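Trainee: Feature table excerpt (TrEMBL):
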type	residues	note
DOMAIN	6-196	domain 'Fructose-1-6-bisphosphatase class I N-terminal'
BINDING	E92, D114, L116	Mg(2+) 1 binding site
BINDING	D114, D117, E277	Mg(2+) 2 binding site
BINDING	D117, G118, S119, S120, N210, Y241, K271	substrate binding site
DOMAIN	201-328	domain 'Fructose-1-6-bisphosphatase class 1 C-terminal'
Amino acid sequence: MQKNTTLGEFIIENQSDFSYSSGELSKLLNAIRLAAKVVNHEVNKAGLVDLIGNSGDVNVQGESQQKLDVFANKTFIQALNNREIVCGIVSEEDDEYIEVIGNNYNNKYVILMDPLDGSSNIDVNVSVGTIFSIYRRVTPIGTPVKSEDFLQKGNKQVAAGYIVYGTSTMLVFTTGNGVNGFTLNPAIGTFYLSHPNIKFPEKGNLYSVNEGNYSHFPQGVKDYIKYCQKIEEDRPYSSRYIGSMVSDFHRNMIKGGIYMYPSSFPYPKGKLRLLYECNPIAFIAEQAGGKASDGYTRILDLEPTEIHERTPFFCGNKYMVDELENFINKYS
Ligand code: P6P
């Protein structure tokens, strides 16, 4: 695929790669593309209008909702609702799943998303991201969506991706045939294929973790961090942590590295949510030749029981995650 192919051309030319698609998956990706442009426009001018700061509400996670969180959530839900593509939506910002009534429940897909991850960074002009995960529903078409449509293992995803609103805005996604990155040309509002077939580099030297929580980490994670910090000839590591997982993961996938959010205080099960943060990023990581686990089990094989459940999350170059798991397993 030629660089500078537009996202629209890419979707049309790769339609056959989208398993199960009867054009609905393409429409779904196009809806995401539109919503991403709208959110990008607001993120880029947030400092200029009254969209910064708390909305005054608190989301299901007990986290104060930034106004852009609320705006992004509404924008993606409207884009998905108006096209009668999905039969249900899970969002980090909503306690319960959202049933999409149109089309007499005949839509085949469900989508789970974090509409604006890392939003606590908005007020300080640090990059944020949107994460999405797409499944084919498992309950009969023509019936109302049910929770089991959302509580599927990550290995059942048909597509997953993220938008990173950074120095440039990129949409990165997979449908199970590799990972491709598209950069937005804001002057004309078009995403162009800028990073075809993204793969982790063979070696990585970045580790991303909030070391402020070090004292609460499991011993194996502490040992791995010390291993990263040991100054040895051939392994000069660098610590890079933005506090926005999409940005940390994106950098690590391009340059080589590992992102870690272990169980710690006050997150005994980890902070990141399995369904709409870890599963989509894990799908992308594996498609790019990387690995994602909870320290013991492949993230994509975890059996979800609750739509907002959390998990410890370790994701990056395969050999780096393998090394980390070896340290953790010394204590199990
Ligand atoms: P901490 C953002 O809230 C997020 O979910 C991830 O994007 C980010 O990596 C992490 O939490 C930051 O959490 O506890 O290090 O501030």
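Each Cβ is built from the backbone N, Cα and C atoms, and glycine gets one as well.
Bear in mind that TrEMBL entries carry predicted annotations, made automatically and left uncurated.
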Trainee: Which whole-number mean pLDDT does the model give the domain 'Fructose-1-6-bisphosphatase class 1 C-terminal' (201-328)?
Mentor: 95
Trainee: Do you know which of the binding-site residues E92, D117, Y241 end up with C-beta under 6 Å from ligand 1?
Mentor: D117
Trainee: Out of the binding-site residues E92, L116, D117, give me the one sitting nearest to Y241 (substrate binding site) by CA distance.
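Mentor: With Cα distances computed to Y241 (substrate binding site), the winner among E92, L116, D117 is D117.
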Trainee: Among the binding-site residues D117, G118, S120, N210, K271, E277, which ones place their C-alpha within 10 angstroms of the C-alpha of E92 (Mg(2+) 1 binding site)?
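Mentor: The binding-site residues passing the 10 Å Cα test are D117, E277.
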Trainee: For L116 (Mg(2+) 1 binding site), what is the secondary structure state per DSSP, taken as helix, strand or coil?
Mentor: strand
Trainee: Return the residues near L116 (Mg(2+) 1 binding site) by Cβ distance under 8 Å, restricted to its own chain and a separation of at least 6 in sequence.
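Mentor: Within the chain, L116 (Mg(2+) 1 binding site) has Cβ neighbours under 8 Å at V39, Q66, L68, D69, A72, N73, I122, V128, G129, T130.
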Trainee: Can you tell me the CA-to-CA distance separating K271 (substrate binding site) and E277 (Mg(2+) 2 binding site), as a whole number of Å?
Mentor: 10
Trainee: Between E92, D114, D117, E277, which of the binding-site residues has the fewest other CB atoms within 10 angstroms in the structure shown?
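Mentor: With the binding-site residues E92, D114, D117, E277, fewest surrounding Cβ atoms within 10 Å: E92.
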Trainee: So how many other Cβ atoms are close to G118 (substrate binding site), meaning within 10 Å of its Cβ?
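Mentor: There are 21 of them.
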Trainee: Taking the centroid of the Cβ atoms of E92, D114, L116 as the Mg(2+) 1 site, which other residues of that chain lie with their Cβ within 8 Å of it, listed in sequence order?
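Mentor: Here the non-site neighbours turn out to be D69, A72, N73, S91, E93, M113, P115, D117, S119, T130, I131, Y276, E277.
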Trainee: Hey, for the Mg(2+) 2 site built from D114, D117, E277, who else sits with CB inside 8 A of the CB center?
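Mentor: Sorted by sequence, the hits are E92, M113, G118, G129, T130, I131, M245, V246, L272, R273, Y276.
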Trainee: Given the binding-site residues S120, N210, E277, find the one whose Cα is closest in space to the Cα of D114 (Mg(2+) 1 binding site).
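Mentor: Looking at Cα distances from D114 (Mg(2+) 1 binding site), the smallest one goes to E277.
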Trainee: If you draw a 10 Å sphere around the Cβ of S120 (substrate binding site), how many other Cβ atoms fall inside it, taking every protein chain shown into account?
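Mentor: A count of 15.
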Trainee: At the Cα level, what's the spacing in Å between D117 (Mg(2+) 2 binding site) and N210 (substrate binding site), rounded?
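Mentor: On Cα coordinates alone, these residues lie 16 Å apart.
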Trainee: Taking the Cβ of S119 (substrate binding site) as the centre, how many other Cβ atoms fall within a 10 Å radius?
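Mentor: Other Cβ atoms within 10 Å of S119 (substrate binding site): 25.
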